[in-house]
Amino acid sequence: MGTKAKVGSTELLLFTSMILCSLALGRGAVQTYEPVVRVPENNPAKLSCSYSGFSSPRVEWKFTHGDIRGLVCYNNKITASYENRVTFSDTGITFHSVTRKDTGMYTCMVSDEGGNTYGEVTVQLIVLVPPSKPTINVPSSVTIGTRAVLTCSERDGSPPSEYKWFKDGVEMPLEPKSNRAFSNSSYTLNQKTGELIFDPVSASDTGDFTCQAQNGYASPVKSDTVHMDAVELNVGGIVAAVFVTLILLGALIFGIWFAYSRGYFDRAKKGTSNKKVIYSQPNARSDGEFRQTSSFLV
């Protein structure tokens, strides 16, 4: 009991000192009792903001999440875009029912109307949403010695999900050499993005692959299982295809040469050049009698 009382007295002394220093520097004291708030989706959430040292406080709440910016409260009043979902009080703001889009950073800014005293504090709101079934992308067949990229993702989880991979029902470690079952594999696994890269692919990489998404809220969710075959490069097939192509190309060249040697191209040229057109001027006749005489001789 004595130790707890001593700790409580120390915290009170520090808080009082902070207020006095803030007043001396022209800066009000603003604090929150819960800097990180975690709430399941569709539940109410209270973001606390208490302040002192302001003669006529004006409170604003600003929202940021990545590139998104918003104003929740301005001059002690909830803005139009939030007025049906949020309530303002001297101790903070309260969401009636949060959605996943409400996840982000909320900054409580307090100032005097004259602007001489100012203070702020930031509260992080994390709306908890269970992960959905991950979408998996696994090639059905890859060539041994090449690079293969397997992906796994889901968009609903909040906070964002992390990913695990399973091969033939066994969890794949981050370091393949740490598990004898994967010691012959060479891969990198990114738990944040869900990307699994084999580089290079080996014969032992053939198997059934499954991905699992988890974000620490609700139960992990697994994807469908997809089979991948690691196959040898078909050198014989490539050689056969090249051989057939060369035969066809040779036959085409021979056909052109044969036609040329038999004079088929020359005959075609002569047949075109022998066609002549003879045109004879009409004889002079009377104005009342006109007749065009022309003949075409082929």
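Please read every residue number as a count from 1 along the shown chain.
Just so it is clear, glycine is given a Cβ too, placed from its N, Cα and C backbone atoms.
As recorded in Swiss-Prot:
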| type | residues | note |
| --- | --- | --- |
| SIGNAL | 1-24 | signal peptide |
| TOPO_DOM | 25-237 | topological domain 'Extracellular' |
| DISULFID | Cys49-Cys108 | disulfide bond |
| DISULFID | Cys152-Cys211 | disulfide bond |
| CARBOHYD | Asn184 | N-linked glycosylation site |
| TRANSMEM | 238-258 | transmembrane segment |
| TOPO_DOM | 259-298 | topological domain 'Cytoplasmic' |
| MOD_RES | Ser280 | phosphoserine |
| MOD_RES | Ser286 | phosphoserine |
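Annotated features, which come from Swiss-Prot, shown on the structure.
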residue	record	Cβ contacts under 8 Å, 6 or more apart
Cys49	disulfide bond	Val30, Gln31, Thr32, Val59, Trp61, Thr91, Gly92, Ile93, Cys108, Val110, Val121, Val123
Cys152	disulfide bond	Pro134, Thr135, Ile136, Asn137, Tyr163, Trp165, Gly194, Glu195, Leu196, Cys211, Ala213, Ser223
Asn184	N-linked glycosylation site	Ser202, Ser204
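Along the topological domain 'Cytoplasmic' (259-298), the predicted structure has mean pLDDT 57.
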